Structures are given as C-alpha cells and as structure tokens.
Amino acid sequence: MENFCFQDSVSLFITIMVLVLLPRLSLSDTSTYTRPENFYVNCGSDSNVFYGGQTFVGDTNSSTNSVSFTNKGTEVINDQSSVAPEIYRTVRIFRHPSSYKFKLDSLGLHFVRLHFSVVFSRADLLTARFTVSATSGSNHHLKSFSPQNLTNTPRVEEFLLMMNSLEFEIRFVPDHSSLALINAIEVFSAPDDLEIPSASDKNLHTIYRLNVGGEKITPDNDTLGRTWLPDDDDFLYRKDSARNINSTQTPNYVGGLSSATDSTAPDFVYKTAKAMNRSSNEQVGMLMNVTWSFKVKSNHRHFIRIHFSDILSNLSNSDSDFYLFVNGYWRVDVKPSEQPRLASPFFKDVVNVSDGSGLLNISIGTKEANKDAGFLNGLEMMEVLSKSGSDYSNRSSSRVHIITGCAVAAAAASALVFSLLFMVFLKRRRSKKTKPEVEGTVWSPLPLHRGGSSDNRPISQYHNSPLRNLHLGLTIPFTDILSATNNFDEQLLIGKGGFGYVYKAILPDGTKAAIKRGKTGSGQGILEFQTEIQVLSRIRHRHLVSLTGYCEENSEMILVYEFMEKGTLKEHLYGSNLPSLTWKQRLEICIGAARGLDYLHSSGSEGAIIHRDVKSTNILLDEHNIAKVADFGLSKIHNQDESNISINIKGTFGYLDPEYLQTHKLTEKSDVYAFGVVLLEVLFARPAIDPYLPHEEVNLSEWVMFCKSKGTIDEILDPSLIGQIETNSLKKFMEIAEKCLKEYGDERPSMRDVIWDLEYVLQLQMMTNRREAHEEDSTAINSGGSLVAPRLMVSDSFSTNSIFQNGDESKNRFGFTDSSETRVFSQLKISDAR
C-alpha cells in the first residue's frame, strides 16, 4: 500500500511539473537554429562570394589570423567565364604537401565540407591524385581523391568530426608527381541537439543524404547548408513497391526522445515520403516490405539516420506502426502512433557493419498481413572514420546498434528539470511498453537473392503441423487454456513480445503455469513454436524450464510452462523494486544457469543443442532462487559430425557472438559469449545495451572492457555489492567473463569449464565469509573482559579484506539507483527481440 501511494505521488508530481515546464522544454527543443559564421573559405581567390546562404571569404583576403594556408608551391586558377557557381570558378592547387589551419572558437562536433570541381580542362588537373587528412587532437584520413573518377558536376565531400583541440588542420598530400586541388572549405560547429552515438566514434563521412519521395533540397533551403538528393528509383529493388506522398502541413516539432528539430532536417524532408504501394494483384494474407539498396564499402561500419513523419494516417493508432529492417537481419519497431500529433517528425539511428556484398539494404515492412502501413521520409548514411587514420571496420565490432536520438533542452537546464527527466525515465521503465530499440530483432524480410524488395508470404495454416506426428502427449485442449487464463484476461497478462503474450494461469489440476500465446493469424513464430516444443520435449534438467504442454487448435500457437515464482534474473538485478541479490546468490544463479547450458551442449543421440538467445530475461528463478534457462524458440541442434552450423543470424542485440555475426557460423561458443554478457549484467546490474546512458557506455561489454583497461572497474560495480565481494573472488569472476567474451570461439572456454571456474569463485567467497564469521565470534567471546583482537588467517592466496570494505573505496560512486518497475510478475516473460 505504501508503494502504491508513493507511485501515485510520483505520478502526480510528474504531471504537475510537466504542465509547468513543458512549454519551456518544447521551446528549447524546437527553437530555430542559426548556422554559426565560423569558417567559409573561397580558395584561390581574393574576393568574397555568397553561396548556400553563407559568405565565403577569399583565402588571400582574410582579415583575421584565424585561417592560414601553405602558400609555398601553390597555384591559382581563376575562370570567371565558367557557368559553374562562383565558388567553383577559382581553385587553389598544391604541388607539395600543404595545409589550411583554423583557430576554432569551440571544441566538439563540427561540420567540415570540402568543395571540388573539375570544370577546368587542364590535363594535369584531370589526372590529379591526392589524399586529404585532418588533425584536431587526433588524426583522421578523410578521403583519397582522383578527379578523373568524378563527373563534371562539382562535388562536396562532407564530414562530421569531433574536435578535441582548438587548432584544426586540413592537409592535402599529392601522390608522387601529381597535384592536389580545392575550391572551397566550410568548417562550423554543429548544433547542440545533433547527437551522434559513440558506437560510430563521432567521426563520419557522408555518402548518402536523401529526401525520400521528394525533390532535391539545396543548401539555401537547409539551416545546415546540406544537399538532399531525391531517392531515384535506382535505389528501389522493385520500383512499383512504393509510391510518393506529400503534404502541405507544417511539421509539428514536439521535442523529446527521438524527436526531430528544425535543424535535424529541413521541413521539406518531413513533407514528402515514400509509402508502401500494395498493388491490386497482391494476394490476400501477405506480408509486404519495401527495400532501398545502397552501394557501400564492404565490411565497413556505417552510421544511418532514418527520418519519419506520419503525413499519411488519418488517426494515430497502432495501424500506422510498422517495422524497419537493416540488411534484412535487424528489426526495430517504428511507432508513429506514439507521437503526440500527426506530422510530428522523429528519427531512428542505426550503426551497422556492412557485409562483403558491397550492398546495404534498408527496408520497411508491415506488421500484419493485408496492411500497408509503412513510410520513409528521409535517410542519411555516413561511413565511420577511425581516429588512427584507417577505416573503422574490425571483426570485433560486427554488430548493429539501434540508438535512440535525444534532443537536448538547454534553456531549462536546472536541477529541478533534471530531477523531472530522471523520474520520467523511471516512469517509462515501469510502463508496459517495451523499448524495441534496445534489443535488436532478427527477421529476414527479403528473398534469398540479395536486394529483394518484397516478401509475400501467405499466412500459414497448421493442419500439416509436424508436431502431430511426434505423439508427445503434451497437447492441452484450447478450452482448458481459456479456462486457465479466464479467456485471456488482461489482468493475468505478465509479459509480451515479438512472439505474443504471456499469462499467469491456473491449470484444471490446480497447477500454476505460464502460458505463452502467439499472435493469432500473424504468420510469425511458427518455426520458433515448433522448435521450442521439439527441444523441450526431449530434455529434462533441474536448470531448464519444463514444458507442461502446448495447444495448436484453431491456428493457435500456445505453449504452457512451469510457473517460475520469482520471474527473470534481470528483474532481480535492475529495472524493478525487488531487493538486491547478494553476491553469493548471484554466483549460485550463474552456476545453475551454466549447468543448464552445459546440459544442452552435452551431445545426446541427436546432437548438442545451441540455445542461441542466452540473456538475463531468459534465466528464470523459482521460489528458492534456483535458476532455469528458458525460451528455446531459436535453438538449433548441432550434430557432432558438423564443425559448425551456417545459418541466418538470430538472437538479441548486445549478446550476439561477433564471430557468429561475421561468419554466420553457429557453435556452442556463441552461447558462451552471450553468457559472458550475462555475467557482466550480474556484476554491474545494468542492461547489455542501454541507449539512455552516455554514448560511450551504451554497450555493457565494451564499456566494462574499457574501464578494466583504465583500472576503474570498481567505479562501475553494482553499489549494492560494495562490501560483499572478496578481492580474489571478483578478480576470478572478471577473468571468467573476459574469457567468455573473447573475439573468437576457439579462445573461449566450454560451459563445463565455466561451471568449474564459477564454483571456484563461490569457494573463494565462502572461505572469506566463514573467516569473517569466525573473527566476529572471536571478538564476541572476548568482549566480557579486555578486548582481544581477533587472529586473522592470512595466506598468499586469499585477502582478508574486500577491496571495497575499507576507507574511501567503500563510497558509492553512483549518483542514482535504478528502480523502474511498479509491479513485478512471476512468470516467463517475452522480450521484443524476436
């Protein structure tokens, strides 16, 4: 009751504060951005020209010392008879390594644009070859150029660079006896609300910027001076799969998470779009998607920002929601229905490593058959630059990051507002709505040939289900399911996800159960449904959730499990008001889950079973905190005569084995990697991926390894564990997790080895606990007379003190606690990662 009252008080406080402060926040978020007059250089000229809404100053006519260039060995060409824009009529030529230097006014993210033109007919210009690099606290290889590869149209190469020094230099280096050239340069600071995720390293080279469904937008019509090209039909795999739509309505910039501002993209982008075009000859009961295919560098990391604004729907309801796919593997929910008004612009950010095909596909897909929801307004795609000067593409980074953009409200930045935002964050975490951006979802919307644009799949019927031939004796009548769930009463709903919904139920014999019901008629999850039944029907283990039965009557897909009283491991680590688990309890839970996975990996008559979706939400706890691994819908059987399995990538983002992502080869070691991420969750009590954290902290495993290299692991530990962990126990536990997270599978331990190591960690902890108990007893016995100091047992192997128990190190270095769910259900919960 006290908790309920507290929740109501919090809700009332939030409501009042939102009403008071929202006008200021909204004004701050949507205020008009004015591009700063930093540096606009007209190279090779002594005169100023106006272009793209800015005045470009001649590089020989600068009245300040803020811009300088290497004058030795340079040459100038001035062709005023050209019909090209005026900034392209002059060019500065370098025959030796040369540079432009800028004295910046501020650090942080900056736009850098280099303008090139080959309108001059000189032979040495047409054969010029040179490279461009930049330095501002770190070096960046920007681009290698050869004008002979360009058209006669002037080209602008745009970069987003993080400036770490006020001294910024752009270097031009001709190849051998060739030369370098430049027509104009722009350097200016980006707006504060332009957030780039740390997963991209914040140093980017723009390769595509499209006004989808609309005309070309010139720099004069963009507050940031960008050029938006129309998405020609060349990008669409099937030209008739989409139609252009446009609107005269002014975009409603509302501010907030993932919401766009007037500087995110021009109004014109949000007034036009391409929408699904379901032709009259489409068969009834089909899922549909539309795909844009882009030529990119192979095996290279890309940052993609996708723009949306619902100018299509008449009503804000779930019928307008659809899926966004990246390269056919990763799915994220796009929910226009969650926007407060129609025509409210928002965006999704993605970081993706391209495969070896040289193509990167972006798709929108329907959620339900016979629906044509789905649209796209704009797209920006940028290559990631490394700080060391080479392209950023390494095997350990072969993963997709789905990031929620954030518009920063600077005008109302007070302590009260920060408190409000934090409470709103907790409120969001408590709500039933899931965050699909956090956990990537695997689904292949495309046909087997690359670049496909449509997947027309009839809704499956289950009359020929292979389960009927297994004679499992696990079928439960649908009438019993209805009775157990009180006709699927929403009051009994305890979880939902990509497959369907989970209900707490009482079976006719009085047994508690968790009933998972697939989304009726969606045609999704059939294979997962059958796989889970086939896997669970052949295994029984103390640390694996048992399947009680299933039902497939009336095209239903219903699974019935034993009821796990204490819910998921995740709920006991973060995101709820449950009491914190002790370090000993956490170790015992890890050992139990490891034993369950080891049992799966132990070859049976048909082969080992690879779980393929190990995560903290798939480890459940019974009333005695006994851990059991759950959710086998993605599991695969691995025969002993196969070295590995080559399959499409499935799983949950944040837990995916990088080698599996790179090669599509699945082994038991993929489960080991995911379990290593779970070990980090257990120790640091935070999600594998949390887009609400600062960019460098979003990915748990990467952040932990960074902190380990800096010797700051103790600063990010779960505060509730401070004073509990014995030094050697912590050290050994981190060693196990690090081994599990090795880049290559053959470097990782088996689950059997992990069990042994975890049991050793538990022994280390228990020895310390017993020693401390003995010391307390000795002190108590001697308290009747003069106090006798306890005799400490010291050895070379074990420390008598936790590294967090004494002195300043025991202080809680966190500024907040994570308490975000108002109600905890005991069940089998489904995440949206399917």
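Any Cβ shown, glycine's included, is placed from N, Cα and C.
The annotation signal peptide is assigned in Swiss-Prot to 1-28 on the grounds of sequence analysis.
The topological domain 'Extracellular' annotation in Swiss-Prot covers 29-405 and is backed by sequence analysis.
Here Swiss-Prot flags Asn61 (among others) as N-linked glycosylation site, drawing on sequence analysis. Annotation for Asn61 (N-linked glycosylation site): spatial neighbours Ser45, Asp46, Ser47, Asn48, criterion Cβ-Cβ under 8 Å with sequence separation of six or more.
Look at Swiss-Prot and you will find Asn149 (among others) tagged as N-linked glycosylation site.
Sequence-distant neighbours of Asn221 (N-linked glycosylation site) (same chain, 6+ residues apart, CB-CB distance under 8 A): Pro266, Phe268. What Swiss-Prot records for Asn221 (among others) is N-linked glycosylation site.
Following the DSSP three-state reduction, the secondary structure of Asn246 (N-linked glycosylation site) is strand. Feature annotation from Swiss-Prot assigns N-linked glycosylation site to Asn246 (among others).
Asn277 (N-linked glycosylation site) counts 16 other C-beta atoms within 10 Å of its own C-beta, drawing on all protein chains shown. Asn277 (N-linked glycosylation site) falls within neither a helix nor a strand when secondary structure is assigned with DSSP, and so counts as coil. If you look up Swiss-Prot, you'll see Asn277 (among others) marked as N-linked glycosylation site, on the strength of sequence analysis.
Among the features that Swiss-Prot reports, N-linked glycosylation site is placed at Asn289 (among others). In the three-state DSSP classification, Asn289 (N-linked glycosylation site) falls within a strand.
As annotated by Swiss-Prot, N-linked glycosylation site applies to Asn314 (among others), with the evidence given as sequence analysis.
The N-linked glycosylation site feature in Swiss-Prot is assigned to Asn352 (among others); the stated evidence is sequence analysis.
The DSSP secondary structure for Asn361 (N-linked glycosylation site) is strand. Positions annotated as N-linked glycosylation site by Swiss-Prot: Asn361 (among others).
Residues annotated as N-linked glycosylation site in Swiss-Prot, with sequence analysis given as evidence: Asn394 (among others).
The transmembrane segment annotation in Swiss-Prot covers 406-426 and rests on sequence analysis.
Under the heading topological domain 'Cytoplasmic', Swiss-Prot lists 427-834, citing sequence analysis as support. Over the topological domain 'Cytoplasmic' (427-834), the average per-residue pLDDT in this prediction is 73.
Sequence annotations record features per position, and here Swiss-Prot assigns domain 'Protein kinase' to 488-761.
In the three-state DSSP scheme, Ile494 (ATP binding site) falls into the strand class. Summarising the annotation, Swiss-Prot assigns ATP binding site to Ile494, Gly495, Lys496, Gly497, Gly498, Phe499, Gly500, Tyr501, Val502, Lys516.
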Nearest of the recorded positions (Asn246, Asn352, Ile494, Gly500, Val502) to Asn277 (N-linked glycosylation site), judged by Cα-Cα distance: Asn246
Cα-to-Cα gap, Asn289 (N-linked glycosylation site) vs Val502 (ATP binding site), nearest whole Å: 28
Val502 (ATP binding site) and Asn246 (N-linked glycosylation site), distance between Cα atoms, whole Å: 41
Asn352 (N-linked glycosylation site) versus recorded positions Ile494, Lys496, Gly500, Val502, Asp613 - nearest by Cα: Asp613
Asn361 (N-linked glycosylation site) and Gly500 (ATP binding site), Cα-Cα, nearest whole angstrom: 27
Rounded inter-Cα distance in Å - Val502 (ATP binding site), Asp613 (active site, proton acceptor): 18
